[in-house]
Amino acid sequence: MSLFALFYMLFAYLLGSISSAILICRIAGLPDPRQNGSHNPGATNVLRIGNRKSALAVLIFDMLKGMIPVWAGYYLGLTQFELGMVALGACLGHIFPIFFQFKGGKGVATAFGAIAPISWAVAGSMFGTWIFVFLVSGYSSLSAVISALLVPFYVWWFKPEFTFPVALVCCLLIYRHHDNIQRLWRGQEDKVWAKFKKK
């Protein structure tokens with residue numbers, strides 16, 4: 001990697017470190033997502049403890065954190081491997097944010113945003129997998145884990161030169177879902193729409 005690419009990856013990490021869930025909850029007067037619900041600063045938890053508008057705002061912001069640096073990297077002349085590492089940097093920032101004691105979200109939306117400029121076919125396959133599993137199961141976490149397991153194969157099929165960095169991103173996603181995987185195994189994971197059924 002070039003020196004410029006390393007600094008640009010650092011920029012992507014810093015951008016990823018801006019936790020939209022925490023900031024939007026503060027602005028909207030909602031509880032701290034790190035202390036309520038699933039204790040995860042992400043769109044799904046904001047939906048649990050807040051409302052659809054706030055959750056949608058978090059989702060869009062988190063996707064843009066990954067999408068903007070990768071998309072801009074194309075025009076800055078970064079190599080394919082460097083673009084993949086920029087995507088990894090953005091996801092690392094979201095998961096381990098320097099501005100919030102390195103305690104961040106799961107990284108799914110940011111990973112989707114980072115992968116989209118790399119390949120819309122891969123992004124579409126990832127989104128389709130997530131939606132299918134979610135509609136069948138009702139578990140956002142299960143949808144994310146299965147998507148993360150399959151995305152490296154989608155990348156290998158459509159854009160093989162990005163397989164290694166994207167596989168690293170997916171390993172991070174699965175690692176961040178280890179608590180969810182244990183709850184799923186024990187049958188203790190909450191379905192996303194459970195909140196709305198209680199109303």
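Along the chain as shown, residues are numbered 1 onward.
Every residue, even glycine, has its Cβ placed from backbone N, Cα and C.
Listed in Swiss-Prot:
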type	residues	note
TRANSMEM	4-24	transmembrane segment
TRANSMEM	56-76	transmembrane segment
TRANSMEM	80-100	transmembrane segment
TRANSMEM	115-135	transmembrane segment
TRANSMEM	154-176	transmembrane segment
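Scored by C-beta pairs under 8 angstroms, the transmembrane segment (80-100) has its highest count with 4-24, from the stretches 4-24, 115-135, 154-176. Proximity of the transmembrane segment (56-76) to the transmembrane segment (154-176) is not established, fewer than 3 Cβ-Cβ distances being under 8 Å for residue pairs spaced 6 or more apart.
Same-chain residues lying 6+ beyond the ends of the transmembrane segment (4-24) with a Cβ under 8 Å from its Cβ atoms: 30, 32-34, 41-43, 45-46, 54, 57-58, 61-62, 65-66, 68-70, 73, 76, 78-79, 82, 85-94, 96-100, 104-105, 110.
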